[in-house]
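Here is the structure we will look at, set down as structure tokens.
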Amino acid sequence: MRECISVHVGQAGVQIGNACWELYCLEHGIQPDGQMPSDKTIGGGDDSFNTFFSETGAGKHVPRAVFVDLEPTVIDEVRTGTYRQLFHPEQLITGKEDAANNYARGHYTIGKELIDLVLDRIRKLADQCTGLQGFLIFHSFGGGTGSGFTSLLMERLSVDYGKKSKLEFSIYPAPQVSTAVVEPYNSILTTHTTLEHSDCAFMVDNEAIYDICRRNLDIERPTYTNLNRLIGQIVSSITASLRFDGALNVDLTEFQTNLVPYPRIHFPLATYAPVISAEKAYHEQLSVAEITNACFEPANQMVKCDPRHGKYMACCLLYRGDVVPKDVNAAIATIKTKRTIQFVDWCPTGFKVGINYQPPTVVPGGDLAKVQRAVCMLSNTTAIAEAWARLDHKFDLMYAKRAFVHWYVGEGMEEGEFSEAREDMAALEKDYEEVGMDSVEGEGEEEEGDEY
């Protein structure tokens, strides 16, 4: 078996975890108490969903997941919520005081008290696996736990499970909707620390999701529940190939092989279509061509950036539902002729396609319409460097005045860590710039200066 263990860190990670597991249960027909009427093999079996769920002798399905937060309130909602019987109590790990939006608390002071317990719980989950393929880690960049504790965990996982792949789903701080002033600090510190430990990181920009909810679903003031359900759909499309049998079954390492040309350039852009409310879906025929075309609209991306200004290094289209290869090939051919999709000159302009015949499921009472087919596009493009540039700029504005730095130093960090992290980010921006340069002509030219 190729099992995956999901780790949900901090408030954002836990709440997205709720949305994801709720959706997985609906997709696989698993009840909130873990029973699965359709599953005839008791205690194990070799079904595809066993990558995400383990089975007990009593026929109960338990998610291979750990929820961690340094303070209890958010996880208490899981402990008392609809799916409280689904999880093993030891899978829900809480500390007593939170990281207070401070990376240093999550990574050094508070985090170190909880890390061994978390790793022990992960080890127990890993022991139940016959062939663990890797970890999916859900967290935000901006929070103290999401940034600090995650980076600590990633470092330790690299030590304990060196060769296993680690994929991140990271919530990028939204420019408009900020929950903390120090988000740029936390984001840059965590990115710097986890850069060498993460194999592939799907960024989700809260603001982009807000806009999609407002524009496509006509929700005037989207709540986190609205956002998380949409994020859940995207995560579900990405992981569907691991949980169902499909024509092209992607395992975790295959994501990296197809999307990551260089180890540091591992931030694919996710785009999902169709995001549409029930009232509209009733009147629209969402063909393969239409939803494929929608994937190339910047409006449907999970991160605010413009791929029309960047170059693509790789592109995967993951379809689910009523889709046949013939339609897909036709849709891609049309897009290649119509759209100005620029690939880097050292990369073949191939689109990798995966098709899963399981149609998309929606949460009852949710905002999304039940559709026959959906597509999730994962593309590695140089345009995502815009997101780093925005963050770096905000970091610079605060760091120039050393604003709020004393909170970090007081928890045992050194100021040098800030400048080191910032230099690493500058190098990352430079890497993206160089990757997008043309290989032959680019040799003789002088490098143009940084845009700061």
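Yeah, the Cβs are placed from backbone N, Cα and C, and that goes for glycine too.
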Report summary line: Listed alongside Gln11, Ser140, Gly144, Thr145, Thr179, Asn206, Asn228 for GTP in Swiss-Prot, from Glu71, Glu290, Glu297, is Glu71
Requested in this report: Using Swiss-Prot as the reference, determine which range in 1-4, 129-132, 241-244, 389-392 is annotated motif 'MREC motif'.
Outcome: 1-4
Query raised in the report: Which stretch, out of 33-53, 432-452, is listed as region 'Disordered' by Swiss-Prot?
Result: 432-452
Query raised in the report: Near the Cβ of Asn228 (GTP binding site), how many other Cβ atoms are there if near means within 10 Å?
Result: 22
Requested in this report: Quick one: give me the count of other CB atoms within 10 A of the CB of Lys40 (N6-acetyllysine).
Outcome: 9
**Report entry** Residue among recorded positions Lys40, Glu254, Tyr282 with Cα closest to the Cα of Gly144 (GTP binding site)
**Finding:** Glu254
Report task. Check the Cα-Cα distances from Tyr282 (3'-nitrotyrosine) to the recorded positions Lys40, Thr145, Thr179, Asn206, Glu254 and tell me which is shortest. Result -> Asn206
Report summary line: Cβ density check for Asn206 (GTP binding site), other Cβ within 10 Å (all protein chains) comes to 25
Query - Protein Cβ atoms within 10 Å of Thr145 (GTP binding site), excluding its own - result: 34
**Report entry** Glu254 (active site) versus Asn228 (GTP binding site) - Cα distance in angstrom
**Finding:** 26
Query - Which same-chain residues, if any, lie at least 6 apart from Gln11 (GTP binding site) yet have Cβ under 8 Å of it - result: Asp69, Val74, Ser140, Gly143, Thr145, Gly146
